[in-house]
Amino acid sequence: CIGFAVGLGNIWRFPYLCQTYGGGAFLIPYFVALVLEGIPLFHIELAIGQHLRTGSVGVWKAVSPYLGGVGRLRPPLPPSRSASSSHGLRSPIPGGRFVPPKPKRGPECGAPCGVSPESARRRQAAGCPRSRGCVQWRLLSCLAASWAVVYVCVIRGIESTGKAIYFTALFPYLVLTIFLIRGLSLPGAVEGLTYLFTPDVRILQSPRVWLDAATQIFFSLSLAFGGHIAFASYNPPRNNCEKDAVIISLVNSLTSLYASIAMFSVLGFKAANDHGRCLDRNILRLINAFELPDQSVDRDDYAAVLTHLNATQPERVARLGLETCRLEDFLDKSASGTGLAFIIFTEAILHMPGAPGWAVLFFGMLFTLGLSSMFGNMESIITPLLDMGVTHRFVPKEVLTGLACLVCFLSAICFTLQSGNYWLEIFDNYAAPLNLMVFAFFEVVGVAYVYGVQRMTGRRPGLYWQVTWKVVSPLLLLTIFVAYVATLARTPLSYKAWDTQYVRPPGGLAWPFPGAALRGPVGRLRRDPRPPELQRPTGRQS
């Protein structure tokens, strides 16, 4: 479960949120959400899967036939997660020659694509939002290779996955440790960590901070995906899942913090390097304009020399158009998701000695993180199919696994188009958070008020579990869902690399995703409003 829980969100989403929301101040709402939302929901998934010993569909049909749709209509994240993993496989392929992307004019948009490296890179990869663009064959081949690796690792179910997960779960920790040791030895590392952990408590007054902290818990712990239920169904019936839930949740959160330290030690080096080059450009202008001796001004003397010249010849200094070189400004240049991993951090690696080797390590880590998450996603798909008996008994499990991987691969092809980044944004902003919150709400309500927490655990749970399951977690999930929908409704759909006025609202492509999450429970309630009898499936034998 640690391999499934620890994923790409720990590496590229959590550090970005820490940087955006006041560094150490973000840890306050994050750990509050972990205690009141993350650990209770995680315990429910482990306990109900271990107790009923079946996959997500069988579990929620046993809790209530009304909740069968919670297991069937899981968010369509395996394709989008595989797209992110294929980026990690593709990036080191060119042979170690990394060149920062340069802005260029798009052939269809007719305007500069942006001034930042992120905008330039996205415009080159995605083209204009109005056109789908062509399939990027290199990315498509990497996507196929990723799914081939996933198929080989999950071909025999939990037996083969358990062996592969030892590597995919441990290798990222090794790489993070190597980057941490190397990053702390680079100039600017202290400034990067200081910037990361300097708390700005004023930011806690913004509701957006608490909303993002709560949604990050879902991505970080992989809640409501169904993978934890599938894995827990193989546990011994008397396994202490309460202890497992607490330990895995804490390990996951500490991994996010550990990854942030490693990444921002390197990003601090990048900021210090950019700051130094900015000073060098200004120094060169001063030397040329005032005919100063070469190397008469260095970075340490620059501030004093500039102050003196501003006091004596301010008009000449003003005409030079010197850049504002503040280290904090370079530390502020951030990106989320794929932008943080594939642009900002990659540019930092570019300036490190032995850049190709560090790039292979970093993108290899991203690839293994994506694989370990995909193992859980595939288990959450295959296990319910086997439990429901949807295939003929003569169809081998290897064939069923191959068909599932093939369907997910075909579904992910849209992410390999030149417009794939835009589709990935829609899936990440709509298909994932909203669906996950809907599923999690029905999960906790179904267990707490329909199935019964004492029946699930086999004993009377402690006060903390009863309060969070019956009161705090449902109210928190409902509040987060309403706030998230309100935020998305008020904010027009846009992208950092390209923003334009759409003839038709692009939200029409996105809102069907959360609506599908309600089909199962609401549809069943309309067909049969009578309260169902609770049944318990036969489940797996220990």
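Numbering starts at 1 and runs along the chain as displayed.
Backbone N, Cα and C atoms are what each Cβ position is placed from, and that goes for glycine too.
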Q. Looking at 131-156, 209-234, which one is transmembrane segment according to TrEMBL?
A. 209-234
(Q) Can you tell me which parts of the same chain pack against the transmembrane segment (209-234), counting only residues 6+ beyond its ends and a CB-CB cutoff under 8 A? (A) 1, 4-5, 7, 9-10, 13-14, 17, 21-22, 25-26, 29-30, 32-34, 37-38, 41-42, 45-50, 52-56, 59, 71, 74-75, 77, 158, 203, 241, 248-249, 252-253, 256, 373, 376-377, 379-381, 383-384, 432-433, 435-437, 439-440, 443, 476, 480, 483-484, 487, 539-540
Q: State the three-class DSSP label for ALA5 (Na(+) binding site), counting H, G and I as helix, E and B as strand, and everything else as coil.
A: helix
**Q.** Paired segments the transmembrane segment (21-44) and the transmembrane segment (246-269) in contact, 3+ CB pairs under 8 A
**A.** yes
Q) Counting only pairs 6 or more apart in sequence, are there at least 3 Cβ pairs under 8 Å between the transmembrane segment (358-378) and the transmembrane segment (170-197)? A) yes
